[in-house]
Every structure is written in C-alpha cells, then in structure tokens.
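A.B. asks: One structure, as structure tokens, below. Some questions next.
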C-alpha cells in the first residue's frame with residue numbers, strides 16, 4: 001500500500017509536465033488553429049537554454065526559469081512571423097506538417113552538435129534533499145515541480161478564461177474581423193499567443209532539465225504522449241488539458257506499479273477508448 | 001630447337017594464366033563495410049557515427065588501400081527496431097553489395113541481423129550488442145561477437161558486487177532481448193554466490209522517468225539495485241536514484257553496463273563510485289591513448305572512443321587481415337570468418353587474443369570504478385582500474401553456451 005501512495009505522488013509529478021506541455025498546445029490550437037508539432041522541440045530548447053545559461057553565462061536555475069522561456073518564446077515569435085502566419089485559414093494539416101518538419105530540423109541540429117546521450121544539469125542547491133513522507137522519499141525538487149506547474153497552469157487558465165485580455169483573445173479567434181474593427185491588432189495578439197505557448201513548453205523544459213539528462217530527443221520522446229493528453233482532454237480546451245494532464249500522469253504511475261510493461265502504451269489505450277465514447281475529448285466542445 | 005620452342009610456349013601459357021589469375025583477383029579487391037547502428041537514439045553516442053569513424057580508421061590502418069584495394073564504409077540507422085534493421089541488412093546485402101555488417105548495438109536488432117547474415121552468407125562483426133546468445137544458442141558461422149557480452153558483464157560486475165557483501169538484488173530491466181539476457185545471466189551469478197534475487201521490474205526501452213520503478217526497487221529492501229539496461233536508460237536511472245535518496249538510504253546501484261559516453265553525460269558528481277566492467281578504456285596504455293587521441297581529433301564533438309568503437313576498429317582490422325590472406329575478396333562470409341578464427345588477433349586496442357569456434361572473441365576484461373571529481377585530472381579522465389579479469393576467465397566457457405556449432 002505504501003508503494004502505491006508513492007506511485008500516486010510520482011504520477012502527479014509526471015502529470016504536471018503533461019499538463020504544462022498540453023496547456024501550451026491547447027492555447028496554441030485554441031487561438032491559432034495550429035497543431036504545434038514543434039512543441040517537443042521547444043521543450044528541449046528550454047532545457048538546453050538552461051544549460052547554456054549556466055555553462056556559458058554563469059546564470060543558474062532561477063535565472064533560467066525566467067530567461068529560458070523568454071529566449072525560446074522569442075524564437076517562437078520569429079517562427080510565427082516568418083512561417084506560420086502564412087498558413088492562416090488553411091487546413092490544420094499544413095500547420096502540422098510545417099511544425100513537424102521544423103521539429104525534425106531543430107532536433108537534428110542539436111543532435112549533430114551535442115550528441116545523443118545528453119548533458120548534465122544539476123538540481124539547484126536550494127532544492128536539494130528530500131522529505132521522508134513515511135510511505136515514500138519525496139525529493140524537494142519534485143515537490144517544487146508539482147506546486148510550480150500547478151500555479152502556472154491555473155494562472156494561465158485564469159488569464160484566458162477570466163480576464164479582459166483573455167476575452168479579447170477568445171473573441172479574436174472567433175471573429176477576427178469584428179475584433180479588428182474595435183482597433184485591436186489581431187495578428188500581433190496571435191503572434192504573442194504563439195510565443196507564450198512556446199514559452200510554456202520551454203518552461204517545462206527548464207523544469208525537466210535537472211530530472212532528466214538535457215538531451216536533443218527529450219521532447220521527441222514526450223510529445224506523442226502529450227498529444228494524446230490533448231486529444232483526450234479535448235483539442236483546445238484549457239481546463240481539459242490541465243485536468244487530463246494530471247489525471248493521465250496518475251494513471252501512468254499506477255500502470256507502472258501494477259503492470260510496468262504497459263506503461264508506455266496505457267495512455268494510447270485510454271485515448272482510443274475516450275475517442276470511441278466522446279469523439280471531441282472529455283472537455284471538448286461539440287462541433 | 002624443338003624442345004626450346006615447347007619451353008617458350010609453356011612459359012607463355014603459364015604467364016598468360018598468371019596474368020588472368022591476378023586480373024581476376026584484382027577485380028575482386030573491393031570490400032564494402034556497412035555500419036548498421038543506432039545513429040540517432042539512446043545508443044547513438046556509444047556506437048553510431050563513432051563506429052563509422054572507427055571502421056574508417058581500421059581501413060586506413062590496414063594498409064590495404066595502398067595495395068590497390070577499394071574498401072569503403074556506409075552507415076545505416078536501425079532506430080532500435082529489429083524490422084528496420086533487417087530491412088537495411090537485406091537491402092545492403094542484396095542491392096548495395098555490402099560484404100560485412102559491423103557494430104549493431106541493441107540485442108533485438110543484432111539477433112535479427114545475425115539470422116539474415118547467415119542466410120546470405122555474409123559476415124557480421126558485432127561490437128555493440130550485449131546478448132550472450134550471439135555466441136550461445138544463436139551462434140552462426142558468419143558471426144563474430146567482438147567486444148563484450150551479458151555473461152561477461154554479469155560475472156565481472158555481478159560477482160564483484162556479491163563478493164563485497166551485496167547479496168540481495170532487485171533488477172531494473174530494459175524490456176527486450178538485451179535486458180532479459182543480462183538479468184538472466186546476472187541472476188545465475190548472484191545465486192551461484194549464495195545471494196538472492198528479491199524481484200525485478202521491466203521497463204520499456206527509452207524511458208525518461210524512472211521514479212516509479214525506483215520506488216518499487218526501494219520498497220523491495222534489496223541491498224543492490226541491478227540496472228540491466230543501457231545508454232540513456234542507465235544514465236536516467238542513476239541520476240534519479242540519487243535524487244530519490246536511494247543510495248543515501250543504504251541501497252547500492254550496480255550499473256551492469258556502463259559506457260564512457262554515459263559517464264560523460266552523467267558527470268562525475270553523480271557517477272562517482274560506480275563499479276562496472278568494460279573491455280576497453282582509452283587511458284589503459286600508450287597504444288590505447290595514441291589511438292584514442294587520433295579518434296577524438298576526428299570526432300565532431302571530440303569525444304573519446306567507447307569500448308564499442310574500439311571493438312569495431314579491432315574487428316574490421318582483423319577482418320581485413322583475413323581478407324588479405326585470400327589475395328582478394330572471396331565473396332564468401334563464412335569462409336572469411338573461418339579464416340578470422342584461424343588467425344590469432346593482435347591489435348593496439350585489445351592486445352593479443354583469439355576468436356573461438358562459437359564466434360566469441362576473447363580478450364581481458366577490466367573492473368573499473370568511476371573517479372571522484374577531485375581525482376579526475378582533466379576531460380575524459382573518469383576511470384580507476386580496480387581489477388583485470390584474464391581472457392580465459394572473462395567470457396563464458398564454450399561448453400556452457402549451447403552453441404550448435406561446437407557440439
């Protein structure tokens with residue numbers, strides 16, 4: 001039983017990564033209608049940005065938490081301005097293909113430069129050590145990851161669903177011409193939204209750097225699962241991506257306990273079942 | 001007079017025959033080597049592009065190019081999928097005129113390529129895969145298993161750990177041919193030394209998060225957590241084990257298979273104190289240092305060679321030596337491999353050795369310990385030599401392998 005509680009906590013930690021990443025995807029899909037396959041690559045770039053900041057500029061983890069998302073977010077803005085904006089109004093497939101190709105190029109470049117086995121990134125001194133919860137040993141850093149990503153997720157949800165800025169954003173995706181008539185710069189809003197989604201991915205990358213090796217393929221291994229999370233939650237649903245992110249982390253943790261061999265496929269089994277029962281996902285709006 | 005004419009005629013015929021003979025051999029002085037490896041995934045740094053370079057260096061060092069041979073090496077990515085590996089092997093053998101496949105980490109892929117190579121009567125010089133079945137029940141007259149295997153790892157590291165008091169084990173096993181073989185071989189060693197195995201958890205290949213598995217290992221209360229995995233899986237398990245306080249809690253990790261790039265990726269802070277077995281390290285002696293320096297200068301990221309790279313170099317060099325004794329490429333894999341087994345091996349990296357009838361290459365193995373950060377004098381100075389296991393003790397005795405070739 002003790003081990004089971006441990007698995008639940010660990011599941012929650014993985015769930016927080018799923019939630020952060022799928023949240024970014026949901027924001028981008030909701031606002032730009034683009035299935036952002038480059039999300040995993042941006043997540044990886046976030047981790048590498050943290051590594052560069054530490055080793056080339058001497059700036060530690062806390063700086064990376066702020067600067068890495070800004071840097072990678074800026075790359076996102078550039079990508080949106082130079083490539084994605086030309087796809088407005090076209091079928092989803094074009095965005096998917098473009099971002100998928102982009103992901104392959106980015107990963108290839110990093111792999112060519114840094115090899116595949118990864119680079120070390122240490123846990124910041126303030127968060128080393130662990131708490132003995134009685135049933136398990138919880139590293140402080142992991143506890144921090146759960147709390148921090150939960151706060152970021154809820155803040156994002158709040159901004160989009162409950163503030164004036166969020167209302168503009170949602171309006172701009174529904175009726176761009178009308179919003180433009182009110183004197184609001186819709187293209188800029190869309191660009192910044194993409195940059196924000198990308199920055200969320202980079203933030204998750206910084207959080208992951210001390211746990212995993214900083215590897216060029218760290219995003220590629222992750223992204224398919226995250227897409228499954230988004231599909232289960234309902235494409236574009238903000239709350240859906242947060243809730244399913246955490247829930248699937250938990251389910252995966254339980255699978256690792258009861259039947260570890262299936263832990264890499266359980267998410268897809270759930271996806272298949274959900275799509276059969278609710279084709280728009282658990283939180284998706286009916287078309 | 002007449003006899004002189006006959007002699008001249010005979011001489012002319014002989015000369016013509018000789019010319020024709022050598023012309024035929026000359027046509028055949030072409031060898032194509034295929035480096036079938038993981039070029040982009042979790043084993044790419046220990047094999048991958050480095051193995052292509054190692055094969056290239058062996059070609060250059062063989063001296064055959066100067067003697068008019070045409071030898072080249074091509075590379076393919078098996079992506080750790082046996083079906084992809086098999087398809088590339090077939091394409092190479094049937095269409096691209098490849099004579100010999102080298103490297104091929106990932107035991108699942110290696111066992112598949114082993115089969116194809118035998119069907120096509122080519123040669124397979126495996127350096128990267130670990131499963132001891134390659135020279136056991138799956139042995140083939142076309143295959144040489146060069147660098148290391150699971151039996152060697154189990155006996156080298158496993159035995160050292162059990163004898164130093166680690167008598168109860170829990171395994172973290174990569175869920176495919178290699179992990180299963182390593183777990184099986186190590187379990188035998190643990191039990192033979194009166195230890196116990198309390199359990200095992202099988203994780204999918206290429207797992208990023210090991211915390212759940214580590215928690216299970218932790219609750220097993222075993223003294224030793226045996227890592228029957230490799231590459232990125234091993235580095236992630238080691239890193240996360242230190243994070244979850246596993247080693248601080250009194251349990252010890254036994255990394256059954258650890259390569260130089262893994263230690264480099266982990267950093268000494270995390271990797272220090274790990275004990276493991278390898279058959280090559282760049283800083284063993286003057287010859288290995290000289291080779292490694294040349295290798296590192298030509299590698300894009302300036303890395304030192306892993307034991308897999310060293311094995312590819314040594315295997316290709318010996319293959320080409322055997323090829324040279326034929327005076328040309330006989331186009332018969334089994335024949336070349338039989339010749340390789342006849343000739344003693346001798347190279348700068350592994351020293352003198354032999355290849356057994358079951359295809360097992362024999363050389364010493366070394367028990368290493370990872371240095372503490374303070375002990376390391378510079379980049380890539382990572383290992384301390386703990387013990388040398390002589391060639392006749394390092395690998396499984398022929399009789400125990402169940403290889404049909406030697407029955």
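Note that the numbers count up from 1, one per residue, in the order the chain is shown.
Using N, Cα and C of the backbone, Cβ positions are placed for all residues, glycine too.
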A.B. asks: Would you please say which range out of A:60-79, A:120-139 has the annotation transmembrane segment in TrEMBL?
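C.D. replies: Of A:60-79, A:120-139, TrEMBL gives transmembrane segment for A:60-79.
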A.B. asks: Spell out yes or no: are there three or more C-beta pairs under 8 angstroms between the transmembrane segment (A:60-79) and the transmembrane segment (A:190-211), with each pair 6 or more apart in sequence?
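C.D. replies: Between the transmembrane segment (A:190-211) and the transmembrane segment (A:60-79), which are separate recorded stretches, there is contact, as judged by 3 or more close Cβ pairs.
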A.B. asks: Would you mind listing the long-range same-chain contacts of the transmembrane segment (A:91-110), meaning Cβ under 8 Å and 6+ residues beyond its ends?
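C.D. replies: Distant Cβ neighbours of the transmembrane segment (A:91-110) are 32-41, 44-45, 48, 79, 83-84, 216-217, 219-220, 223.
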A.B. asks: Quickly jot the same-chain residues contacting the transmembrane segment (A:141-160) by Cβ under 8 Å, restricted to those at least six beyond its ends, or write none.
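C.D. replies: Contacts of the transmembrane segment (A:141-160) (Cβ under 8 Å, skipping residues fewer than 6 from its ends): 9-10, 12-13, 16-17, 19-20, 23, 27, 123-124, 127-128, 131, 166, 169-170, 200, 203-204, 207, 210-211, 238-239, 242, 245.
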A.B. asks: May I ask for the residues of the chain that lie six or more residues beyond the transmembrane segment (A:258-277) and have a Cβ under 8 Å from a Cβ within it?
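C.D. replies: Residues packing against the transmembrane segment (A:258-277) from afar: 225, 228-229, 231-232, 248, 251-252.
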A.B. asks: Below 8 angstroms Cβ to Cβ, which residues of this chain, lying six or more residues outside the transmembrane segment (A:190-211), approach it?
C.D. replies: 17, 20-21, 23-25, 27-28, 31-32, 34, 36, 39-40, 42-51, 61, 64-65, 68-77, 79-81, 84-85, 121-124, 141-142, 145, 148-149, 152, 156, 169, 172, 218-219
A.B. asks: In the same chain, who gets a Cβ under 8 Å from the transmembrane segment (A:223-251) while lying at least 6 residues past its ends?
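C.D. replies: The answer is 8, 11-23, 25-27, 29-30, 37, 39-40, 43, 103, 153-154, 156-157, 160-161, 266-268, 270-271, 274-275, 280-285.
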